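Asker: This is the feature table in Swiss-Prot:
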- 151-208: ATP binding site (BINDING)
- Glu282, Asn284: Mg(2+) binding site (BINDING)
- 124-311: domain 'ATP-grasp' (DOMAIN)
Amino acid sequence: MSLDVVVVMDPIASIKIAKDTTFAMLLEAQRRGHRLHYVRPGGLSLREGRAVAQVAPLSVREDKTSWFTLGEFAELAFGPGQVVLMRKDPPVDAEFVYDTQVLSVAQRAGAQIVNDPQGLRDYNEKLAALLFPQCCPPTLVSRDAAALKAFVLEHGQAVLKPLDGMGGRSIFRSGSGDPNLNVILETLTDGNRKLTLAQRFIPDITAGDKRILLVDGLPVDYCLARIPQGDEFRGNLAAGGRGEGRPLSERDRWIAAQVGPEMRRRGMRFVGLDVIGDYLTEVNVTSPTCVRELDAQFGLNIAGLLFDAIEAGAAQ
């Protein structure tokens with residue numbers, strides 16, 4: 001079965017192919033004989049009630065100096081026999097939401113969207129973990145700086161995050177006795193106007209912030225522990241963390257079993273769970289990463305698992 005695979009992503013010319021999960025997906029789709037189409041950034045539209053996109057034929061190759069070739073752009077109407085990989089990075093701002101609404105129209109026309117556009121709108125990556133409270137550390141989400149401060153003082157040390165960030169940006173560790181706590185909370189809440197997440201600090205972060213990948217609700221057998229370096233407490237690779245592959249622990253599998261069935265039910269075929277120690281901290285649904293690192297360390301083909309699920313869905 002040959003499919004038209006349409007990718008919505010950040011500019012392909014700027015990716016780092018050694019680490020880019022979307023690139024791994026494109027390589028696998030091409031290997032299977034599917035036709036690749038690249039959506040011009042900002043190229044999704046609605047025309048007379050139909051979802052359309054400005055796309056160009058795309059070919060990819062494992063060459064760090066010349067990894068893609070594009071043909072001429074033309075308008076494509078979405079419909080059956082198409083798979084759309086929605087792989088734009090956060091922030092999930094108004095333009096991102098509008099794109100998911102266009103993709104919902106494409107879905108109704110018969111295209112398969114990965115991940116489900118309604119799910120992308122519903123699941124904030126920081127808040128989605130709280131749908132599984134049995135998996136999470138003590139957490140408070142509030143605009144009230146005084147309440148957030150009381151939470152920090154109650155737990156001694158806490159991590160403070162905005163709800164719309166990625167890659168470890170604007171994440172603070174603070175605690176009782178920190179002279180900067182008030183200004184951190186003023187900044188994150190924008191004077192009690194923006195929801196901010198406070199989470200009890202988990203000392204196990206020194207052993208790594210684990211990324212567990214779910215494909216169609218089932219966990220990959222290995223995770224990537226992103227280990228903070230030096231005096232940094234953030235393990236994110238974008239913040240300088242070192243990636244180390246590990247087999248899943250029993251607790252990791254338990255967490256995956258709590259989250260996976262709901263993700264599959266909602267059409268979230270490719271999801272990244274962030275786990276520190278025994279606790280789930282985030283559920284990443286927009287553009288989860290770490291496929292390339294895990295494939296390289298363990299000889300896996302995680303994108304192959306994803307396309308097995310996609311092809312099974314297309315055959316129904």
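Each residue, glycine too, has its Cβ placed from N, Cα and C.
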Asker: Within a 10 Å radius around the Cβ, which one of these binding-site residues has the most neighbouring Cβ atoms: Val159, Val183, Ala207?
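Answerer: Answer by Cβ density within 10 Å: Val159.
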Asker: Taking the Cβ of Phe151 (ATP binding site) as the reference point, list residues of the same chain whose Cβ is under 8 angstroms away and which are at least six residues distant in sequence.
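Answerer: Set apart from Phe151 (ATP binding site) by at least 6 residues yet with Cβ under 8 Å, we have Pro138, Leu140, Ala158, Ala198.
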Asker: May I ask for the distance between Glu282 (Mg(2+) binding site) and Gly175 (ATP binding site), taken between their Cα atoms and rounded to an integer number of Å?
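Answerer: Cα of Glu282 (Mg(2+) binding site) to Cα of Gly175 (ATP binding site) measures 21 Å after rounding.
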Asker: Translate the DSSP assignment of Gly191 (ATP binding site) into the three-state scheme.
Answerer: coil
Asker: Of all the binding-site residues here, Gly175, Gly191, which one's CB has the most other CB atoms within 10 A?
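Answerer: Result for the most crowded candidate: Gly175.
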Asker: Over the domain 'ATP-grasp' (124-311), what is the model's mean pLDDT?
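Answerer: Value for the domain 'ATP-grasp' (124-311), mean pLDDT as a whole number: 94.
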Asker: List only the single closest residue to Asn284 (Mg(2+) binding site), chosen from the binding-site residues Gly175, Gln199, Ala207 by CA-CA distance.
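Answerer: It is Gln199, whose Cα lies nearest.
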